[in-house]
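Some notes on the structure that comes next.
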Amino acid sequence: NSVHPCCDPVKCEPREGEHCISGPCCRNCYFLRAGTVCKRAVGDDVDDYCSGITPDCPRNRYKGKED
């Protein structure tokens, strides 16, 4: 049974000093820089970007026909 390198095995939370365990805006236990593309545009939509403060990929406000 292997433990995720970013996870405190007792609490199953990010280890002290680290930001995240997984997600499209998490790499090597840290949030990706704000403005990093986390989802490329499809159709007439626009790219989604990491916020720099969460491991999730926030949806942009513009919704194309594909959304």
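Note that Cβ sites are derived from N, Cα and C of the backbone, with glycine treated the same way.
The disulfide bond feature in Swiss-Prot is assigned to C6-C29, C20-C26, C25-C50, C38-C57; the stated evidence is similarity to another entry. As annotated by Swiss-Prot, domain 'Disintegrin' applies to 1-65.
Cα separation, C25 (disulfide bond) to C6 (disulfide bond), rounded: 14 Å. Considering only the disulfide-bonded residues C6, C20, C29, no residue lies within 10 A of C50 (disulfide bond) on a C-alpha to C-alpha basis.
Under DSSP, the residues of the domain 'Disintegrin' (1-65) split into helix, strand and coil as follows: 0 helix, 13 strand, 52 coil. Comparing the disulfide-bonded residues C25, C26, C38, C57 by how many other C-beta atoms lie within 10 angstroms of each C-beta, the top residue is C25.
Here the Cβ of C29 (disulfide bond) has 18 other Cβ atoms within 10 Å, regardless of which shown protein chain they belong to.
The disulfide-bonded residues listed here (C20, C38, C57) include C20 as those with a Cα within 10 A of the Cα of C29 (disulfide bond). The Cβ of C20 (disulfide bond) has C6, P14, C26, C29, Y30, F31, P55 as same-chain neighbours under 8 Å, each 6 or more residues away in sequence.
A count of other CB atoms within 10 A of each Cβ picks out C50 as the most crowded of the disulfide-bonded residues C6, C50.
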